[in-house]
């Protein structure tokens, strides 16, 4: 079954033009929201989609451009729709997502006292594929981003790598292509500067051309147009466009 991808946003954390790097991944009957940043509510509004049209949400890590829209999602589902949306995430993210991120805005004595009061929390194993729907299988892969904070990239349907925010890991990319038949790579990209917590364009350009041809770039800065024609064999993912994966 062919998956489809629609990026709600393709921008980095400080982008003003492209919204936060959040995505809809869907098959015929199921829509998964991958990350739900500050701009997700407006991004959904712009493509005429409601929270009700989403079947589940998955979080890769707890920075605001990836989780900042969860407070609205939780309140909308609880107060307006009277249901809890399934929330997929690594076990290691459950406590910090509530205690360090959502509790301050969502907590209501006797009503909302934990993440489970507003979401159906479904911890996912790391390094083992799990079926999210009949057409979507995914595996969490721990990847490096911020020291001391967990971040998880995704391996979808045994062939599609979707990077969380991560520093360059060429060994992982080569291993996925060589040993696991990966043929689509959706990769975050810092267009310029040193890659202390992100993967840079210069680093991705060191990959062989046959791998570059598999790569779609996302999580980029607002000066993206300045880099057209300077990204080797790679391509930019475009906001709101629907892709067959």
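Quick reminder: no glycine exception, Cβ is built from N, Cα and C everywhere.
Taken from Swiss-Prot, the feature region 'Beta-lactamase-like' covers 19-219.
Taken from Swiss-Prot, the feature Zn(2+) 2 binding site covers 61, 63, 145, and the record attributes it to similarity to another entry. A C-beta separation below 8 Å, combined with a sequence spacing of at least six in one chain, links residue 61 (Zn(2+) 2 binding site) to 67, 93, 145, 149, 150, 151, 152, 164, 165.
Per Swiss-Prot, the feature Zn(2+) 1 binding site maps to 65, 66, 165, 219; the stated evidence is similarity to another entry. Annotation note: residue 165 (Zn(2+) 1 binding site) sits in a coil segment as assigned by DSSP.
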